[in-house]
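Asker: Sharing the features that Swiss-Prot gives for it:
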- His5: active site (ACT_SITE)
- Glu25, Asp27, Asp85: Mg(2+) binding site (BINDING)
- His41: active site, nucleophile (ACT_SITE)
- Cys45-Cys51: disulfide bond (DISULFID)
- Cys47-Cys190: disulfide bond (DISULFID)
Amino acid sequence: WIMGHMVNAIYQIDEFVNLGANSIETDVSFDDNANPEYTYHGIPCDCGRSCLKWENYNDFLKGLRSATTPGNSKYQSKLILVVFDLKTGSLYDNQASEAGKKLAKNLLKHYWNNGNNGGRAYIVLSIPDLNHYPLIKGFTDTLKQEGHPELLEKVGYDFSGNDAVGDVAKAYKKAGVSGHVWQSDGITNCLLRGLTRVKEAVANRDSGNGYINKVYYWTVDKRATTRDALDAGVDGVMTNYPDVIADVMNEAAYKNKVRLATYEDSPWVTFKK
């Protein structure tokens, strides 16, 4: 999965997919009442990027739905996975469940079109704080209450705070999650970060009894870093330059080892070599 980083304006969806991304990451900010409000990152953000692009969250969802609904004039068949980077740092811990409920209602209405031929992309809810694990239950309970438990087949989870792998496992246990787990590891492109924790996450994924299904590394903009990440066995790389990742994947060392994921590749099933 080549994951386009910080895709917060609707026009950027096409821009990143046309550069080679089959997945995008979108920031979601919340208002004081835990309503998802804008697709917005703000300052500071990655080096070389504008931090200030934004849409109203519901408008972005409608644009995303168009891009991921077969038959729509804006349809992009390659776009199969969307990571919502939930900026829950602005919320009190006791608002996490409420944020999950509201997120579920927004997605159900504006993205899934109330279960009637909505967008088809898989969704990952990425949460920066382990203490906000109740967001997951708020989300899953709401989809069930609204009569659409089947949509949970399209939803996965990520804790993005670079916490110890054992602590992340405990948070999932509390949230009642087993399966559909992506594990991110990374840092802004302005700084360097080694692959120690990525390798630990990959080992958990491949152990047969770990909690992780897929591992992605962010933010990868350089060819050398891309090679290191691919060598470490990641499933996804998040990048500001999808074309760079695509180029590396076409190099002799990689073109017979890795390929771009398609809609038929489940993002929840651990790939067995």
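Glycine residues also receive a Cβ, built from the backbone N, Cα and C atoms like all the rest.
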Asker: Whole-number Å distance between the CA of Cys190 (disulfide bond) and the CA of Cys45 (disulfide bond)?
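Answerer: The Cα atom of Cys190 (disulfide bond) is 9 Å away from the Cα atom of Cys45 (disulfide bond).
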Asker: Does DSSP put Glu25 (Mg(2+) binding site) in a helix, in a strand, or in coil?
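Answerer: DSSP assigns Glu25 (Mg(2+) binding site) to strand.
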Asker: Could you say which of the disulfide-bonded residues Cys45, Cys47, Cys51, Cys190 has its Cβ with the most other Cβ atoms inside 10 Å?
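Answerer: Counting every other Cβ within 10 Å of each candidate, the maximum falls on Cys45.
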Asker: Closest to the residue listed as 'active site': which of the recorded positions Glu25, Asp27, His41, Cys51, Asp85, going by Cα position?
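Answerer: Checked the recorded positions Glu25, Asp27, His41, Cys51, Asp85; minimum Cα distance to the residue listed as 'active site' goes to Glu25.
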Asker: Want to know which recorded positions, from Glu25, His41, Asp85, are within 10 Å of Cys51 (disulfide bond) at Cα; which are they?
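Answerer: Close recorded positions: His41.
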Asker: Which chain neighbours of the Mg(2+) site, leaving out Glu25, Asp27, Asp85, have a Cβ atom within 8 Å of the mean position of the site's Cβ atoms?
Answerer: His5, Met6, Val7, Asn8, Thr26, Val28, His41, Val83, Phe84, Lys87, Ser126
Asker: Rounded to a whole angstrom, what is the C-alpha distance between Cys45 (disulfide bond) and Asp27 (Mg(2+) binding site)?
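Answerer: Answer for this pair: 11 Å between alpha carbons.
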Asker: So for Asp85 (Mg(2+) binding site), how many other CB atoms are inside 10 Å of its CB?
Answerer: 25
Asker: Listed recorded positions are Glu25, Asp27, Cys47, Asp85; which of them have CA atoms within 10 A of the CA of the residue listed as 'active site, nucleophile'?
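Answerer: So the list is Asp27, Asp85.
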Asker: Using DSSP, would you call Asp85 (Mg(2+) binding site) helix, strand or coil?
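Answerer: Note: Asp85 (Mg(2+) binding site) is in a strand by DSSP.
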Asker: Do you know which of the active-site residues His5, His41 has the most other C-beta atoms within 10 angstroms of its C-beta?
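Answerer: Counting every other Cβ within 10 Å of each candidate, the maximum falls on His5.
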Asker: Might you list, by sequence position, any residue in that chain lying six or more from Glu25 (Mg(2+) binding site) with a Cβ less than 8 Å away from its Cβ?
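Answerer: Spatial neighbours, sequence-distant, of Glu25 (Mg(2+) binding site): Met3, Gly4, His5, Met6, Val7, Val82, Val83, Phe84, Asp85, Ser126, Trp218, Met238.
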Asker: Which three-state DSSP class does His41 (active site, nucleophile) fall into?
Answerer: coil
